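Enquirer: Starting off with a structure, shown below.
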Amino acid sequence: MSVSVLGSGAFGTSLAISLAGNGPVTLWSRDPDHAWHMQTERENTQRLPGVALPADITVTSNIDQATKADVLLIAVPMQKLRDALQAQASNLAGKTLMACCKGIELSSGLGPISVIQQTIPDARPALLTGPSFADDIARGLPTALTLACADDSLSLTLQHDLTTANLRLYRTTDMVGAELGGALKNVMAIGCGAAIGAGLGDSARAALMTRGFAEMQRFALMRGARPDTLMGLSGLGDLVLTCSSELSRNYRFGLSLGRNIQFDTHTTVEGVATARAMTEIAAAEGLDMPISTTVADLSSGAYSVTEAIRALLNRPLKEE
């Protein structure tokens, strides 16, 4: 099985590095200069400095070359996924397309699997998600991820061929649950980061994680997910990692909100758009999502951290 990774950011590059242990991998970058530097210098100095690219990785900006592979791992930000697919629709038709992004598309309220199904109807969609940081994967540290695919036969093949020396894949056919777990935990990570940044302590973080997980479950069940999926790597596992490490961009963004300092505008924070999308969908469905709504307001500047915490603490008392 030949493999290409479309997207040369930190996560796409780290996946290519791990997969190169199984055989040749093509890594595509939309920037010809970036592709040339990576291919000649054997390093992604912009996103993963200090990590060498194995000899079995070929970096290219030629999309026709990259899309010849049997399996295409699409590692682009969620809000850019649809445009990326539409731009290469003729090259992607009939392919196995594995989304490697987390979030909910703001314009449609859809996750990555649904965006693939809408945009490339004859593709065979799959999703790679779960608790992971690009730097850990690239440096060969052990990582377990969820591979979501409705086609059980294809899922078995992908699990066998894409599991590597440091990357262990677990299968599920619940694509909705897997994609929502990965998306919604980013919202909670912003909230937890803001709490820690504001000096509210670990007890506040634990409360936000726990009550936030309850919101994730309510939202996912409303969208047709299986409850057990959210208890796995793609839900609870990813939530724990993302809400407790400064390697998480969403958590760092929350920290900056809590500390009232500027955040790097060049860094993608998927949880901001996801919080907005979640809030709009929940309102339309009559679903109570107080933490998600507060994070959306906090991220947009409608609330200060103090006002956000006050709003949550002043909610009516209830059973857990």
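Just so it is clear, glycine is given a Cβ too, placed from its N, Cα and C backbone atoms.
Values in this document were obtained by computation on a predicted structure and should not be read as measured data.
Below are the features listed in TrEMBL for this protein:
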- Lys185: active site, proton acceptor (ACT_SITE)
- Gly7, Ser8, Gly9, Ala10, Phe11, Gly12, Ala134, Arg249: NAD(+) binding site (BINDING)
- Phe11, Arg30, Lys102, Ala134, Arg249, Val269, Glu270: NADPH binding site (BINDING)
- Lys102, Gly130, Ser132, Lys185, Asp238, Ser248, Arg249, Asn250: sn-glycerol 3-phosphate binding site (BINDING)
- Lys102, Arg249, Asn250: substrate binding site (BINDING)
- 3-153: domain 'Glycerol-3-phosphate dehydrogenase NAD-dependent N-terminal' (DOMAIN)
- 174-309: domain 'Glycerol-3-phosphate dehydrogenase NAD-dependent C-terminal' (DOMAIN)
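Can you tell me where each of these features sits in this structure?
Expert: Around Lys185 (active site, proton acceptor), a 10 Å sphere centred on its CB holds 32 further CB atoms from the protein chains shown.
Under the three-state DSSP scheme, Phe11 (NAD(+) binding site) falls in the helix class.
Listed in sequence order, Ala75, Cys100, Ser132, Ala134, Ile137 are the same-chain residues at least 6 apart in sequence whose CB falls under 8 Å from the CB of Phe11 (NAD(+) binding site).
Same-chain residues at least 6 positions away in sequence with a Cβ under 8 Å from that of Arg249 (NAD(+) binding site) are, in sequence order, Thr267, Thr268, Val269, Glu270.
Contacts of Lys102 (NADPH binding site) defined by a Cβ separation under 8 A and a same-chain sequence distance of 6+ are given as Met78, Pro112, Thr129, Glu179, Gly182, Ala183, Lys185, Asn186, Asp238, Glu270, in order along the sequence.
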Enquirer: Just give the helix, strand and coil counts over the domain 'Glycerol-3-phosphate dehydrogenase NAD-dependent C-terminal' (174-309), going by DSSP.
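Expert: In the domain 'Glycerol-3-phosphate dehydrogenase NAD-dependent C-terminal' (174-309), the DSSP-based counts are 101 helix, 0 strand, 35 coil.
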Enquirer: Could you check the binding-site residues Gly9, Gly12 and say which one's CB has the most other CB atoms within 10 Å?
Expert: Gly12
Enquirer: Taking the mean position of the Cβ atoms of Lys102, Arg249, Asn250 as the substrate site, which residues outside that list, in the same chain, have a Cβ no more than 8 Å away, listed in sequence order?
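Expert: Everything else in range on the chain: Gly103, Asn186, Ala189, Thr242, Ser248, Tyr251, Thr268, Val269, Glu270, Gly271.
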Enquirer: How big is the gap, in Å, between the Cα of Gly7 (NAD(+) binding site) and that of Asn250 (sn-glycerol 3-phosphate binding site), rounded to a whole number?
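Expert: That comes out at 20 Å between the alpha carbons.
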Enquirer: Using the residues the record lists for sn-glycerol 3-phosphate (Lys102, Gly130, Ser132, Lys185, Asp238, Ser248, Arg249, Asn250), what whole-number Å value is the largest Cα to Cα distance?
Expert: 15
Enquirer: Using the residues the record lists for NAD(+) (Gly7, Ser8, Gly9, Ala10, Phe11, Gly12, Ala134, Arg249), what whole-number Å value is the largest Cα to Cα distance?
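Expert: Site span for NAD(+), by Cα atoms: 18 Å.
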